[in-house]
Amino acid sequence: MSFVAHPNIDPKSLGKVGVLLGGRSAEREISLMSGNGVLAALQSRGVDAHGFDPGLQSVAELAAAGFDRVFIALHGRYGEDGTIQGLLEQLGVPYTGSGVLASAMAMDKQATKRLWMTYGLATPRFAMLHADTDFDAVAADLGLPLIVKPAREGSSIGLTKVTAADQMRAAFEKAAALDNDVIAETFIDGAELTCPIVGEGDSAEALPVIRIVAPEANYDYQNKYFTDDTQYLCPSGLDPEVEREVRALAVQSYRVLGCRGWARADLMLRADGKPFLLEMNTSPGMTGHSLVPMAARAVGISYEDFVMQVVAAATLDLHPNEHWKPE
């Protein structure tokens with residue numbers, strides 16, 4: 001499925017659309033920003049769109065809402081990890097983005113990295129941390145600096161760049177307060193990149209790469225969403241051959257995970273020009289600071305046109321006719 005600048009989508013053909021926003025995760029605030037942007041875009045195109053907050057409203061209310069499809073603008077736990085996707089499968093309501101398994105896999109950084117490694121895709125070396133881990137040994141094995149973060153959070157929440165072995169325990173405890181699974185990975189010194197992908201299977205394609213230049217190379221939660229100090233370069237300014245390699249790696253990583261609809265791969269480009277995959281976001285941000293709309297604009301696709309195409313592609317792991325129905 002190719003995304004185009006001016007899609008011919010009849011808003012009435014989309015039916016009643018629910019925009020799931022807010023939720024219960026640590027990224028609730030960002031989800032509200034994304035969801036409200038998506039809701040406004042759909043309504044501006046004449047779509048019968050309604051916001052729905054699973055953090056405040058019940059499953060029974062969702063089932064009774066009568067949505068013909070939903071746009072998942074939830075981020076993090078319960079919205080990006082296969083949970084809401086499984087519920088929507090049960091309800092038979094088509095939804096945007098990846099299915100249950102791909103969402104769950106992509107949310108778990110350990111599972112994602114192990115799968116990528118199995119397919120020979122470059123990702124930083126890592127180790128799982130526990131309270132009784134020999135932190136000095138991990139630091140010696142992975143090398144310093146290294147990154148410690150929760151295995152199942154996004155938006156850099158709970159992340160620490162460790163520059164000395166004696167910082168490891170504090171970094172672990174910070175991440176462990178958010179997730180039982182904590183990961184340490186080798187720090188890749190180089191350019192921070194992100195690359196959106198749209199479509200499914202062989203039709204999946206990458207949008208332009210964005211190069212991120214953050215203050216003091218610190219692209220944290222604050223710099224991602226609440227300051228204007230971070231520079232986003234699109235076109236990326238990379239050598240064209242390097243850009244092609246990054247885009248190809250992003251698409252390959254998306255296909256390996258079984259993603260569909262849309263997602264965003266985050267990468268690092270080492271000083272020698274080798275790209276490394278960091279993680280896959282299956283429900284990317286759609287705020288005023290978000291990167292997917294920026295990449296879309298670079299190829300002439302407006303925010304509204306992009307949203308319309310994402311929601312038009314809403315589907316289920318199973319075709320609706322394959323869902324069990326009582327006699």
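Cβ from N, Cα, C; glycine included.
As given in Swiss-Prot:
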{"type": "DOMAIN", "residues": "113-312", "note": "domain 'ATP-grasp'"}
{"type": "BINDING", "residues": "139-194", "note": "ATP binding site"}
{"type": "BINDING", "residues": "Asp266, Glu279", "note": "Mg(2+) 1 binding site"}
{"type": "BINDING", "residues": "Glu279, Asn281", "note": "Mg(2+) 2 binding site"}
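Annotation for Leu146 (ATP binding site): spatial neighbours Val138, Ala139, Lys161, Val162, Ala184, Glu185, Thr186, Phe187, criterion Cβ-Cβ under 8 Å with sequence separation of six or more. Rounded to a whole number, the C-alpha distance linking Gln167 (ATP binding site) with Glu279 (Mg(2+) 1 binding site) is 24 angstrom. It is 20 Å from the Cα atom of Asp181 (ATP binding site) to that of Asp266 (Mg(2+) 1 binding site). For the recorded site, Asp266 (Mg(2+) 1 binding site), the DSSP three-state label reads strand. Note on the domain 'ATP-grasp' (113-312): mean pLDDT across this stretch is 93. Here the binding-site residues are Gln167, Asn281; the one with the fewest Cβ atoms within 10 Å of its Cβ is Gln167.
Taken residue by residue with DSSP, Glu279 (Mg(2+) 1 binding site) is part of a strand. Ile188 (ATP binding site) sits 13 Å from Glu279 (Mg(2+) 1 binding site), taking the Cα positions as reference. Take the CB of Asp181 (ATP binding site) and look out to 10 A: across all protein chains shown you find 17 other CB atoms. Contacts of Glu153 (ATP binding site) defined by a Cβ separation under 8 A and a same-chain sequence distance of 6+ are given as Ala26, Glu27, Gly76, Arg77, Leu178, Asp179, in order along the sequence. Rounded to the nearest whole angstrom, the C-alpha distance between Lys174 (ATP binding site) and Glu279 (Mg(2+) 1 binding site) is 20. A C-beta separation below 8 Å, combined with a sequence spacing of at least six in one chain, links Thr160 (ATP binding site) to Ile147, Val148, Lys149, Gln167, Ala170, Ala171, Lys174, Ala175. The Cβ of Ile188 (ATP binding site) has 20 neighbouring Cβ atoms from other residues within 10 Å, across all protein chains displayed.
With a 10 A radius on its CB, Ala139 (ATP binding site) counts 21 other CB atoms from all the protein chains.
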